[in-house]
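**Q** Okay, handing you the structure first.
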Amino acid sequence: MQTPTYLAAELRLPTNWLDYTILAIYFLVVLGIGLAARRSVKTSLDFFLSGRSLPAWVTGLAFVAANLGATEILGMAANSAQYGVYTTHWYWIGAIPAMVFLGLVMMPFYYGSKVRSVPEFLLLRFDRSAHLLSSILFAIAAILIAGVNLYALAIVVEALLGWPLWVSIVVAGAFVLAYITLGGLSSAIYNEVLQFFVILAALIPITILGLKKVGGWDGLSDTLSAQHGGDFMTSWGGTGIGSDNPLGANWLTIVLGLGFVLGFGYWTTNFAEVQRALSAKNLSAAKRTPLIAAFPKIFIVFLVMIPGLVAAALVPKIGTAGSDLQYNDAIPYLMEQFLPNGVLGIAVTGLLAAFMAGMAANVSSFNTVFTTDIWAKYVKKGESDEYYLKFGRLITVIGVLASIGTAFLAQSFSNIMAYLQTLFSFFNVPMFVVFIIGMFWKRASVKSGFWGLLAGTVAAMVNYFWIYKQGVVDIPSDQGANFVSAIVGFVAGAVVMVAVSLFTAPKPAAELEGLVYGTRSAGMSEAPGEGDDAWYRKPALLGWGAVVLAAACYIPFSF
Amino acid sequence: MSEFHEKNVQEEVSELETKSATAARLFDIRRIIGGLFALYGVIVTIAGLTASDADIDKAEGVNINLWTGLGMLVLGLFFLTWLKLRPTAPPTPPVEK
């Protein structure tokens, strides 16, 4: 996606005292949540994992909200303005199958084994070298991604409200720091749930007014088909192998690269997501976390795609030299065009909340991994729980300061969304391959985890920096290159794992109980909580329901 | 304990779970969502009731503040009602071993 980062300077919103009042109320509530959650933090488990005690609807909404950062909202609207209805793939095939798989298949192993983090699972399944490597890779990725969110927030606020870059970075950083240091994961999750609803209140009016302006869906469809050709309004049109489309991807790379490797890599092994499910109060609630999240995820695509398409219809030259507007401006442009003061304040609040939540999700997963996986296991072993709780708070401060540093680093990249997807292909995909093989193949040996992870990460980086950037093979777009990197990283990791496993010792069967598919642990046979046997709480029904619904959503956009 | 053992990880979590205070002391988020959306609902609805013609023209002839405000108010009241009908369950006492 060649979407430049900067928003057009003339998008300054006509905000007034009413909008700022709405924004100020939100910031006060955010701090209030942090202060009120503080008294619930007694142990390090409360701080890092909410004591494994939250209800499924809370962790489920936090699960979807942690992903619904503003980079996602602005980025996916930009994607739609540029590529049209292809954007639906990021949701219906790129997210739903992976979320359902996480809930139905993987969650018993994650939650049942009582691990506190994704790297900790690798420690139990493989060995310390796999554990340490994955912890360090994750910690680096989390800080880089938190920095991207912070920087993106700052440039949007600068364009829309006219605050200088450094003011927004420091203010947003300080608020995130305050509420996580005080209340830990509970306050991060509660703020995500709140943000989820505020973002809906911001996007729904924009979508409705935008559709009204262009004459409804039919009007929108006619205008854009005339401008860009009929494939622009379909999901699968022009994705045959060998045929040309603006995405630079065919149905096979979409299904394998986006749907399987990138999608599963992101949703099933990215700790910033999985952590929400691990904080659920019992196994049933943990399984339902990604499944409950899947339903809003299916429909959120309309709230980001339609504004993107409307912007493309209203400003036909958007994103090209013929217009001042960039693709990323789609949603801010509609806010400026349609929203009167009041709803405008809600929309600005929603965007800021989404940026802060995107950053907070990464900071709250970073401090957990850094404290429980790196510090407590390799640096300062065997200290009291109070010590690690205190250290967790300290490392949160350091994590936020480091994110401010990486925010200025993100400034040197011209395209934020592609930068983000590239980071995912480097860090999530290799982790996913190690997981999936480790979880489903008993014979995967102790040493294979480390080497598979290393090989996958290196291969994805080599593909991106050498084969794509140096032009060894011609790949038409950054997004297309990310799909290929993902597939390359996956294959390299898998091949190395199998090869290493054939020549090194497997883990004794007794140590694999509850970690490999087909085995059970004590945590898995936990009795369901009261009321969890109601039909609408059956994980299988929720999961398959989501898959069927997502598949059905494709039908009107396939012909 | 100078060196950790892989098996201890699970025991450590079980032990911490018994000392955890989140279930007993964490407030119910429904109260916050309900309160904030009721407040936002009232503010935005008032902005809608006092909307100028310019505001309405801008939003394609729709009084968007009024409708959004009412929507937020309904959501806020929904959460407050839910909280009232199904208050937070008292935490189950830890199982004696």
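Yeah, the Cβs are placed from backbone N, Cα and C, and that goes for glycine too.
Caution: TrEMBL annotation is automatic and unverified by curators.
Take a look at what TrEMBL says about it:
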TRANSMEM  A:20-37  transmembrane segment
TRANSMEM  A:57-78  transmembrane segment
TRANSMEM  A:90-111  transmembrane segment
TRANSMEM  A:132-157  transmembrane segment
TRANSMEM  A:163-182  transmembrane segment
TRANSMEM  A:194-211  transmembrane segment
TRANSMEM  A:249-269  transmembrane segment
TRANSMEM  A:343-370  transmembrane segment
TRANSMEM  A:416-441  transmembrane segment
TRANSMEM  A:448-468  transmembrane segment
TRANSMEM  A:480-503  transmembrane segment
TRANSMEM  A:540-557  transmembrane segment
**Q** Looking only at residues six or more beyond either end of the transmembrane segment (A:448-468), which have a C-beta under 8 A from one in the stretch?
**A** 122, 125-127, 129-130, 133-134, 137, 422, 425-427, 429-431, 433-434, 437-438, 475, 481-482, 484-486, 488-498, 500-501, 504
**Q** Tell me whether the transmembrane segment (A:90-111) sits in contact with the transmembrane segment (A:194-211), defined here as at least 3 Cβ pairs under 8 Å among residues 6 or more apart in sequence.
**A** no
**Q** Can you tell me which parts of the same chain pack against the transmembrane segment (A:57-78), counting only residues 6+ beyond its ends and a CB-CB cutoff under 8 A?
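**A** For the transmembrane segment (A:57-78), the sequence-distant neighbours (Cβ-Cβ under 8 Å, at least 6 residues beyond its ends) are 1, 3, 87, 90, 148-149, 152-153, 156, 188-190, 192-193, 195-196, 199, 203, 272-273, 276-277, 279-280, 285-286, 288-293, 296-297, 300-301, 304-305, 307-308, 311, 319, 326-328, 330-332, 351-352, 354-355, 357-359, 361, 416-417, 420.
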**Q** Would the transmembrane segment (A:132-157) and the transmembrane segment (A:540-557) count as touching if the test is at least 3 Cβ pairs under 8 Å, pairs 6 or more apart?
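**A** The answer is no, given that the two segments have fewer than 3 Cβ pairs within the 8 Å cut-off.
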**Q** Any chance you could find the range in A:163-182, A:343-370, A:416-441, A:540-557 with the most Cβ pairs under 8 Å to the transmembrane segment (A:480-503)?
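**A** The listed stretch sharing the most Cβ pairs with the transmembrane segment (A:480-503) is A:416-441.
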**Q** Considering only the recorded stretches A:163-182, A:343-370, A:416-441, state which has the highest number of Cβ pairs under 8 Å to the transmembrane segment (A:194-211).
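**A** By the under-8 Å Cβ criterion, the transmembrane segment (A:194-211) pairs most with A:343-370.
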**Q** Short question: which residues 6 or more past the ends of the transmembrane segment (A:416-441) have a Cβ under 8 Å from it?
**A** 1-3, 5, 71, 75, 78-79, 106, 109, 118, 121-122, 125-126, 130, 134, 137-138, 140-141, 144-145, 148, 151-152, 261-262, 264-266, 268-270, 328, 410, 448-449, 452-457, 459-461, 464, 478-479, 482, 485-486, 489-490, 493-494, 497-498, 501, 515-517
**Q** Below 8 angstroms Cβ to Cβ, which residues of this chain, lying six or more residues outside the transmembrane segment (A:540-557), approach it?
**A** 85, 88, 91-93, 96-97, 99-100, 103-104, 233-236, 288, 291-292, 294-295, 298
